[in-house]
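Accompanying notes for the structure given below.
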Amino acid sequence: MRKPIAAANWKMNGDFSLLDDFAQANITSDKCETIFALPSVLLDRAQKLGLNALAGQDVSAQVKGAFTGEISASMLKMLGCQYCIIGHSERRQYHHEDEALLIEKWRRLKEAEITPIYCIGELQAEYDAHATQQALERQLRPILEENLVDHKTIIAYEPVWAIGTGKAATPDYAQHVHQMIRQIVAQNYASIAPAMRLLYGGSVKPDNAGLLICQADIDGFLIGGASLDVGLFTKIIETMK
């Protein structure tokens, strides 16, 4: 059975005060796993506060060296990270990250025994052109062919047209795409695909989380804006019970 995940992606938001609020709220559930993908400057404090589980929002493709501003997989491990997001649409858009780079990032995470949360999703133009499957295969195939996927791997589907727009995918459409992702993975990893956890990310809120989590191939959420509010995040988790 796939245990649901509620992953909070704070992006470039948050401070010590908000972190303390979440720690005091003691958001835990035996029905789902909570993951906090925090700005790197907050990870040390989060670890000391006992906030679990922790994730990086990105990682360097390099092991170490003269790469100003980068954070290595070993540094994330030192800060208590069990997970790390790679391939988020904002990294793809603003930093022009492609699959070749993401493969190297994945390798660094694997070497540090950190589980990747690999983000994929179609652009508005691809959605309008009914080219979602082609977009997902383009983002998945290079990874699948590198023999990097294992039973711990998490894939997050984030329709780019839904992120930060308030326009969430319908439950039926989200399920259709998640099923498609599982089928694509199964072509290379037939024994792993049924147990792989697939997350939905894209304007997740308490009022749509319940219908989304009921879908057969949706195993949780990668939550943006709503994860910055203790009350909203808690309500989303409650829908997963």
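Please read every residue number as a count from 1 along the shown chain.
Yeah, the Cβs are placed from backbone N, Cα and C, and that goes for glycine too.
Sequence-distant neighbours of Asn9 (substrate binding site) (same chain, 6+ residues apart, CB-CB distance under 8 A): Ala37, Gln57, Ile85, His88, Gly201, Leu222, Ile223, Gly224, Ser227. Asn9 (substrate binding site) carries a strand DSSP state (E or B). What Swiss-Prot lists as substrate binding site is Asn9, Trp10, Lys11, Gly164, Ser203, Gly224, Gly225, and the listing cites sequence analysis.
Summarising the annotation, Swiss-Prot assigns active site, electrophile to His88 and lists sequence analysis as the type of evidence. The number of other Cβ atoms within 10 Å of the Cβ belonging to His88 (active site, electrophile), over all protein chains shown, comes to 27.
Cβ contacts within 10 Å of Glu158 (active site, proton acceptor), excluding its own Cβ and spanning all protein chains shown: 25. As annotated by Swiss-Prot, active site, proton acceptor applies to Glu158.
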Assigned element (helix, strand, coil) containing Gly224 (substrate binding site), judged by DSSP: coil
Validating a neighbour-count step here. Other CB atoms within 10 A of the CB of Gly224 (substrate binding site): how many? 22
